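Chemist: Questions regarding the structure given below will be posed in turn.
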Amino acid sequence: MQDFGDTAQGRAQLFTITDGRDHVARLTDYGARLVQLWTPGRGGAPADIVLGHDSVAGYLAPPRSYFGATCGRYANRIAGGRFTLDGLPVQLDRNEGANHLHGGAGGFDAQLWAVVDATGQGVTFTLHSPDGDMGYPAVLDVTARYEFVAPATLAITMTAHAKGGDTIVNMVNHAYFNLAGQGTGSIAPQLLQVAANSYLPVDKALIPTGDPRPVSGTTYDFRTPRPIGTTPYDHNLCLDPTSGPAVTAIDPASGRGLTLATNQPGVQLYTGASIPQGLRGKEGRSYGPLGGFTLESQIWPDAPNRPAFPQARLNPGETYRHEMRYRFFVQP
């Protein structure tokens, strides 16, 4: 554990975990976020494959990036910041124009979490969210655990329990990946495959406009591996039930690859269009649009206002559990 800098809530810390071989992750309690992720490429050359900052000051400075963060209570967007629960209207913080994004201005990414367990292989962060936090009803106690569960395999598990009433929960990890290495340039040539036969069309505010549509014949069709390209993506791909990986990504140049398995019904593919060109990242490297891609496994955006979508309701006595398992490999 080492100091990571000061926040208004206290001093942030940096934690290191490893698979005992050649994969290393560094995490901070500010936003329960992934700061570094080192994996080898072809020939054994290691690279840090996630975007981020060298100290907490970078995460506190505008613009808000969400690099590596745990986002909640409800990640992604809720139209108007409004929904109805048990017949009663709920108004959330509106922090993206008229809409609610990633839990609001004081969302989980902007909180200093407690650490209840830290070993060489895993760290568990906890957070208490009071009733009325960013407008959400009920008390919510949440955890986010990062753990190397096997060689080259990083598991991220998020849980939540409600007290004093019903609420909604949709937590995500907001890591930005660049398999060539953070700050090395565009992710356009990197290959992506997603087990999704449909996607959610959105309006200019990135709110879903209706029911899922087939990906066939569209730029959202990643059912077979293909380059990410330069199209700006910020869309939910509706995952098909599968016993295998939901997502596979490969950097042909370095051979670095990953798979993602999850228990969630969607994944938000975002290619960083809002990252300012020239944003200073780790090691003084320059970031910009297409500098990384996110794979935010999730319940679909605006689901509280869409009864036909998978739902995010959590009642007292129930457990919300979001599982992600990343496996890293090297393509010969």
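In case you wondered, yes, glycine gets a Cβ from its N, Cα and C as well.
Caution: TrEMBL annotation is automatic and unverified by curators.
These came from TrEMBL, pasted as-is:
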type	residues	note
BINDING	ASN76, ARG77, HIS174, ALA175, TYR176, ASP234	beta-D-galactose binding site
ACT_SITE	HIS174	active site, proton donor
ACT_SITE	GLU296	active site, proton acceptor
Chemist: I need the CA-to-CA distance for ASN76 (beta-D-galactose binding site) versus GLU296 (active site, proton acceptor), whole Å please.
Modeler: 9
Chemist: What is the interatomic distance between the Cα atoms of TYR176 (beta-D-galactose binding site) and GLU296 (active site, proton acceptor), given in whole Å?
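Modeler: Checking the Cα atoms of TYR176 (beta-D-galactose binding site) and GLU296 (active site, proton acceptor) gives a distance of 9 Å.
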Chemist: If I restrict to non-local contacts, at least six residues apart, and a C-beta distance under 8 angstroms, what lies near ALA175 (beta-D-galactose binding site) in its own chain?
Modeler: LEU34, LEU37, VAL50, LEU51, PHE67, GLY68, THR294, LEU295
Chemist: For TYR176 (beta-D-galactose binding site), what is the tally of other C-beta atoms lying within 10 angstroms of its C-beta?
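Modeler: A count of 26.
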Chemist: Distance between ARG77 (beta-D-galactose binding site) and GLU296 (active site, proton acceptor) at the Cα atoms, whole Å?
Modeler: 13
Chemist: For TYR176 (beta-D-galactose binding site), which DSSP three-state class applies?
Modeler: strand
Chemist: Suppose we draw a 10 Å sphere around the Cβ of the residue listed as 'active site, proton acceptor'. How many other Cβ atoms does it contain, all chains included?
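Modeler: Taking every protein chain into account, the count is 25.
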Chemist: Among the binding-site residues ASN76, ARG77, HIS174, ASP234, which residue has the largest number of other Cβ atoms within 10 Å of its own Cβ?
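Modeler: When each Cβ's neighbours within 10 Å are tallied, ASN76 leads.
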Chemist: If you measure ASP234 (beta-D-galactose binding site) to the residue listed as 'active site, proton acceptor' at Cα, how many Å is it?
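Modeler: One finds 10 Å between the Cα atoms of these residues.
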